[in-house]
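Since the structure comes first, as structure tokens, the remarks are kept for the end.
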């Protein structure tokens with residue numbers, strides 16, 4: 001039974017919980033709004049129930065009914081990041097266990113934080129406009145009035161229309177759900193109604209919509225890849241291992257319950273590497289290099305179990321989603337590659353964790369595994385901490401409990417027990433002690449407070465076999481005098497895999513080099529010619545950090561030609577920290593911010609200390 005509240009939501013799920021949403025959207029590209037209706041089937045959890053609160057952000061509410069009768073509603077006080085509570089008073093009283101259908105008619109704002117509207121010019125094809133959503137963590141409320149908390153899970157049904165003009169005939173619509181057919185709108189012959197159903201209960205942050213000129217290719221018995229025509233064949237080739245990964249995940253974690261597993265390659269402004277929307281994973285086009293996409297798609301596939309099936313109850317417990325997903329992703333890598341590969345990926349993640357801890361500060365409570373998010377925007381808390389500190393804890397427990405096979409047994413059992421539910425760290429820990437009841441004395445020796453509630457880096461060691469070559473080469477560069485520089489040649493990196501090259505550059509970012517060394521590195525290794533985003537990102541940061549002026553334009557180009565926050569924010573920060581080019585960083589951001597995803601522009605603006613009211617449009 002759901003109980004309690006969530007610091008990121010106005011809706012108290014101790015009073016009532018949403019069981020089903022019925023959504024109806026009309027997409028208006030000209031005005032950049034969704035005209036919508038949502039019917040929420042709500043189960044009442046207390047007697048004498050006559051009012052409820054829903055989360056909204058920048059929505060224009062026109063009417064509310066309860067079981068078809070008019071209900072009174074009022075908008076509460078607007079909060080800086082939580083939005084505005086929608087207070088609804090029912091025209092009757094209900095008892096515990098009863099249900100009510102609350103229908104809200106509304107319109108989204110052109111600035112809705114969940115939605116990015118792209119003009120035709122901003123797409124690869126340049127002929128059709130494009131819309132996509134990103135609701136995690138608490139942006140769903142800007143496109144649906146709802147209980148916008150991961151504590152509440154519901155099924156949903158949706159229908160989407162938009163007015164077809166002669167220029168918009170090939171636009172397709174998708175949601176994080178199974179397609180349920182399409183038909184002409186009986187009330188308007190210029191429209192087609194697209195229908196979708198999601199029969200598996202899921203939290204609001206996994207509701208997703210995309211509308212654009214999309215094509216698809218089959219990549220497996222339950223998978224298609226979708227994208228603009230310009231990317232689709234490359235994407236089909238790059239994501240061809242999807243079914244192998246799905247089967248490997250099923251062997252590890254149990255059956256895949258969502259039916260279809262499609263991948264949508266979004267335009268470059270998508271702010272994340274991937275987003276695990278059920279039935280339709282969203283992916284960045286920066287993944288269209290084989291060495292980069294395997295771990296990201298393995299990660300998003302893993303979310304089908306840890307995150308989508310078993311969900312963190314509030315964003316303070318985000319590590320339950322991400323730590324377990326990284327653990328499962330790396331177990332897939334272990335099955336498909338080797339244990340050494342898993343260890344190597346863990347070491348790379350460790351560097352990302354160090355980077356986040358350095359950015360926040362080692363004493364910052366946001367580097368706790370379980371942070372307090374009272375009056376903290378979850379977007380501001382987003383970092384690699386829940387991913388990599390979470391993985392580090394699970395890896396540490398794996399070693400204590402008897403190795404990967406033994407611990408994976410626990411993870412699978414945890415997924416089966418909590419499937420279709422939302423959990424807290426306390427519930428997870430209680431089950432860990434129950435499952436390993438014969439090893440409680442070992443578990444009691446774990447410093448739980450240090451892991452969960454202490455900022456900074458945790459104490460863990462990984463196998464360094466594949467990293468040793470990277471460490472040795474890094475040391476050679478760090479120790480080199482000007483006279484030694486002639487000794488570096490292309491053969492140093494010839495035998496390194498792209499994963500190892502990423503690791504080598506990550507190590508150097510911990511040990512900044514003088515400009516002479518970085519210039520020599522370019523001469524010897526020609527790193528400027530490498531297009532792999534993960535390598536290029538680290539290399540350009542290293543160049544800018546050593547104050548190589550030629551690299552500034554390249555860094556700003558990479559920061560703006562794609563919008564993945566993992567790349568965009570650190571590149572902008574790096575140029576901003578190069579005093580001479582600080583104004584250039586701000587100016588470039590101001591020029592491009594209108595084309596950025598709202599979350600990316602908001603957080604990058606904070607990094608660059610730009611007043612959000614001083615934006616300049618394109």
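Cβ from N, Cα, C; glycine included.
As annotated by TrEMBL, active site, proton acceptor applies to 300. The active site, proton donor annotation in TrEMBL covers 387. Look at TrEMBL and you will find 134, 135, 136, 271, 272, 273, 274, 275, 276, 564, 565, 566 tagged as peptide binding site. According to TrEMBL, the Zn(2+) binding site annotation covers 299, 303, 322. Residues or ranges marked as domain 'Peptidase M1 leukotriene A4 hydrolase/aminopeptidase C-terminal' by TrEMBL: 465-608.
Note: residue 300 (active site, proton acceptor) has non-local neighbours 274, 275, 276, 281, 283, i.e. same-chain residues 6+ apart with C-beta under 8 A of its own C-beta. Helix, strand and coil content of the domain 'Peptidase M1 leukotriene A4 hydrolase/aminopeptidase C-terminal' (465-608), in residues and according to DSSP, is 117 helix, 0 strand, 27 coil. Checking the recorded positions (299, 303, 322, 387) against residue 134 (peptide binding site) with a 10 Å Cα-Cα cut-off leaves nothing. Within 8 Å of the Cβ centroid of the Zn(2+) site, not counting the listed residues 299, 303, 322, the chain contributes 276, 300, 302, 306, 307, 321, 325, 326, 328, 329, 387.
Taking the Cα of the residue listed as 'active site, proton donor' as the reference point, the closest of the binding-site residues 136, 303, 322 is 322. A simple way to gauge crowding: the CB of residue 272 (peptide binding site) has 22 other CB atoms within 10 angstroms, across all the protein chains here.
On its own chain, residue 322 (Zn(2+) binding site) has 307, 386, 387, 390 as residues at least 6 apart in sequence with a Cβ closer than 8 Å to its own Cβ.
Proximity of residue 303 (Zn(2+) binding site) to non-local residues of its own chain (separation of 6 or more, Cβ distance below 8 Å) is seen for 276, 321, 325, given in sequence order. Checked against residue 299 (Zn(2+) binding site), the binding-site residues 136, 272, 565 differ in C-alpha distance, with 272 being the nearest. All protein chains included, residue 299 (Zn(2+) binding site) registers 23 other Cβ atoms within 10 Å of its own Cβ.
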